[in-house]
Structure formats: C-alpha cells, structure tokens
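Some notes on the structure that comes next.
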Amino acid sequence: MCDVEIVQVLEGHTSDVMGCDFYNGCLATCSGDKNVRIWFQKLEENEIDLDSKRQIHFYEAEFSPLLGHTYGVNCVRFSPFGTLLASCSTDGRVILWNAQDGKKLDEIRHLEGPPIRVCCFSSASAMFATGGDDEKVVLWDIATKSVIRVLEGHEAMITALAFTPDGIFLLSCSTAGEIMLWDARYGHGKCLSSVTNAHDLGILGCDSSPQYEAVSENGFLVGNYTIATCGNDDFVKLWCVEASSTKRISLKNTLEGHSGNVISCRFSCDGKILASTGGDRVVILWNPKTGEVLQKLEGHNRYAVTCCAFSNSALLATGSNDKTVVLWNLDKKSIDDLSKTNIKEFKILPAKKSFLSWTVEDVRSWLKSLNLEEFSEAFSANSIDGKELMYLNHENLLCIFKIG
C-alpha cells in the first residue's frame with residue numbers, strides 16, 4: 001500500500017461525530033449535536049499545477065444539516081440503492097430520509113421507545129434492522145415500515161448489526177460480548193448460533209466482509225462468511241460464519257495493534273482492507289486475510305469513533321470525538337483515475353427535483369449516470385418512476401426484471 005495521506009478534514013458538527021456512511025459520491029455523518037450532515041463529492045482541477053490530476057473535494061449539501069432528532073444521533077446508513085438514508089438516535093427514533101434532497105420520509109421506533117444505537121439495511125433493500133437499549137433486534141419491512149419480527153436473546157444493549165452480503169443472515173452484538181446469528185429470511189426468530197464473551201467487556205462494532213465463499217452441501221450452495229468484531233478488550237477479531245446444516249461461528253484470527261478500546265471496524269467495499277478506529281486515536285488498516293497491519297493512521301486528537309470506505313475503496317472516512325471527519329487517501333492511483341470512471345462527482349438527478357417526483361425518464365437518466373443504462377429498458381417497460389424506485393427490492397429485481 002502506498003503512503004496514506006489526509007485528503008480533507010470536514011468540520012461542521014459541534015459535538016462528537018458518532019457515525020458515517022458513504023454511497024457513491026455522497027457522505028453522511030451524524031453526531032451528538034443531534035444533526036445529520038450530508039456531503040457531496042466534487043472533483044476539482046488543481047489551478048496551480050495544470051499538469052496535476054484532478055483532486056477530490058467534499059462540500060456540504062445546501063439542504064444539510066438534516067434536523068429532526070432531539071438527542072444525539074448514533075448511526076447513519078444508506079440503503080444499497082442510495083435512495084434512502086436512515087439515522088437512529090438516543091431519542092428512540094429511526095428517521096428515514098430521502099437521500100437526494102434530505103426530506104424526512106418516515107420514522108419508526110421500538111415498542112417501548114428505548115434509545116436506538118445501531119441500524120443497517122439488507123443487501124436487497126427489502127429489510128432493515130435496528131438494535132437498542134431494550135436488548136432487542138427488530139427486523140422491519142422497509143416498504144411498509146412494519147415489523148417483520150422481534151429477535152430476543154441478548155442480555156445487554158445492542159451495539160452492532162450486520163447482514164451477510166447475500167442478505168440471508170443477520171449478526172447482532174452486545175455490550176455483554178455476545179454474537180448472535182439469525183436467519184433473516186424466515187419467521188421463526190430463533191438464534192441459529194452464538195458466541196458468548198467474544199470480547200471481554202463488550203463488543204462495540206461489527207461488519208461483514210463483502211467477500212464470501214459458496215460451497216456445495218447435499219446439492220445446495222451454502223455460504224461461508226467472514227465477519228469482524230471489535231470491543232473494549234482492545235482487539236479486532238475475525239470470525240468464520242459457516243452456514244452449513246450446522247450453523248457455527250468460529251474464531252479465525254485475533255488482531256492486535258490498538259492500545260485502547262476498538263470502537264468501530266468496517267471492511268472496504270472490495271473486502272481487501274479492514275479498517276478499525278479506537279480510543280487510542282489511531283486508525284489501523286489491516287489485511288483481513290493475513291491479519292497483518294498495513295498502516296497506522298494518526299489524524300485525530302481525540303477518540304476515533306467511526307469509519308467507512310468509499311465505494312471504490314480509494315477513500316476512507318473517519319469520525320472522532322474531536323468533532324471532525326477526516327478523509328484519507330487509501331489508493332492514490334484510484335483517486336487519480338476517478339476522473340476516468342463513472343463516478344465523476346455526485347449529482348442530484350434531475351436537478352432541483354424531488355426524488356419522489358421523478359418520472360420514468362428521470363429514472364432512466366439516473367441509471368445512465370450510474371453506468372446501468374443496460375437496465376433502463378426494463379425499468380421503463382415496468383413504468384418505474386421515483387415512487388416505485390424508492391421501494392424496489394431484490395424480489396422485484398429478480399422476478400420482474402430478471403436482474404440479480
């Protein structure tokens with residue numbers, strides 16, 4: 001890996017930055033200041049050196065910050081299609097926002113209204129999971145905003161959630177150090193496998209690698225997944241989730257390098273890098289296959305709380321108690337080549353038009369901007385406009401459009 005450098009420091013939050021997430025050329029951040037902020041990517045020419053490559057710059061959206069929470073915001077997540085942004089808060093609410101214009105679409109909450117600590121979308125956008133201080137994980141139907149089921153079994157606050165990349169399983173973690181594996185497809189709501197005391201003093205973060213192995217068992221393909229967890233014992237741990245007839249979570253590797261609690265861990269979008277952030281103010285980049293430290297990054301002057309990787313793994317964002325978000329260059333060649341890729345800069349398409357009011361032709365333009373023009377005819381034939389696109393899920397894509 002080449003030398004990693006700071007690309008930009010984003011300022012605007014007035015309290016600890018608690019969460020961040022990327023989608024395409026858009027970055028969402030949240031904070032204890034009750035706000036969610038949206039930042040758009042822009043590629044700029046270096047005015048001093050005309051022979052230099054284009055540089056990445058993020059600027060805050062005109063409609064940012066997103067206001068609606070009454071207590072600190074703990075987590076933000078984009079839906080896989082980038083149409084929705086979810087934020088969850090200590091105020092007990094999960095707010096769903098239109099990611100294109102920042103308008104509030106809906107809100108959901110657990111039955112008793114406890115603080116919500118974490119949320120995540122399934123890979124197909126059909127399901128959404130939340131976890132909080134009530135020790136429960138709730139699975140939601142994202143189209144209807146209705147509860148699919150409540151998963152119970154944890155004995156402490158839920159701190160981390162991750163769907164497997166195929167959306168079949170859900171993993172949940174708690175401050176008691178438990179990891180639990182659930183079937184996200186069927187309604188029995190039973191824990192399939194668990195690990196107790198996975199981390200001494202509790203788990204703070206969890207992520208599922210986008211890389212997984214499909215193996216044959218009795219004529220059926222089953223997945224073997226890699227997940228990462230981190231916690232108050234100062235370790236990052238890699239686990240293998242075996243989805244055979246006997247479900248099992250087994251420890252693969254324990255990664256040592258932090259000198260304080262490890263607060264978050266996230267895989268890059270290609271699964272080749274694992275990033276972790278901690279109370280030692282350090283960001284560590286790991287090789288998840290070997291467990292070796294690739295790089296230690298120092299750029300925050302207080303706890304490094306959260307991290308996320310850009311869609312092409314060229315950038316890493318980290319947030320801290322110092323109220324800043326730092327953007328790191330992980331791959332200078334990828335950044336230099338961004339001007340040649342399809343993700344030239346984030347644009348709201350069509351300009352100044354609400355996502356829900358998009359016409360079928362607007363959706364075609366949006367697909368073209370994402371280099372998905374090959375699907376535009378199928379979308380047009382099925383009259384997919386903004387309202388239809390908002391709740392499009394994996395089943396629609398597979399059964400109606402034959403995409404997937």
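Cβ atoms here come from the backbone N, Cα and C positions, even for glycine.
Counting same-chain residues at least six beyond the ends of the repeat 'WD' (10-39), those with a Cβ under 8 angstroms from any Cβ of the stretch are 58-61, 63-67, 69-78, 82, 85, 87, 89, 97, 99, 102, 303, 305-311, 315, 317-321, 323-327, 343, 345-347, 370. Annotation comment: TrEMBL describes 10-39 (among others) as repeat 'WD'.
Using a Cβ-Cβ cut-off under 8 Å and counting only residues 6 or more beyond its ends in the same chain, the repeat 'WD' (66-107) has close neighbours at 15-16, 18-24, 26, 28-38, 113-125, 128, 130, 132, 142, 145, 348, 354-356, 389-390, 392. What TrEMBL records for 66-107 (among others) is repeat 'WD'.
TrEMBL lists 121-150 (among others) with the feature repeat 'WD'. Secondary structure of the repeat 'WD' (121-150), assigned with DSSP and counted as helix (H, G, I), strand (E, B) and coil, comes to 0 helix, 18 strand, 12 coil.
Under the heading repeat 'WD', TrEMBL lists 151-183 (among others). Within the chain, the repeat 'WD' (151-183) has long-range Cβ neighbours (under 8 A, six or more residues past its boundaries) at 117-124, 126-127, 129-133, 135-139, 189-212, 223, 225, 227, 229, 231, 239, 241, 243, 247, 249, 394.
Per-residue pLDDT, averaged across the repeat 'WD' (255-296), gives 96. Positions annotated as repeat 'WD' by TrEMBL: 255-296 (among others).
As annotated by TrEMBL, repeat 'WD' applies to 297-331 (among others).
According to TrEMBL, the domain 'SAM' annotation covers 358-404.
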For the repeat 'WD' (297-331), sequence-distant contacts whose Cβ falls under 8 Å of one of its Cβ atoms, 6 or more beyond its ends: 1-2, 4-11, 13-24, 27, 29, 31, 39, 56, 58, 263-270, 272-273, 275-285, 338, 341, 343
DSSP residue counts for the repeat 'WD' (10-39), split into helix, strand and coil: 0 helix, 18 strand, 12 coil
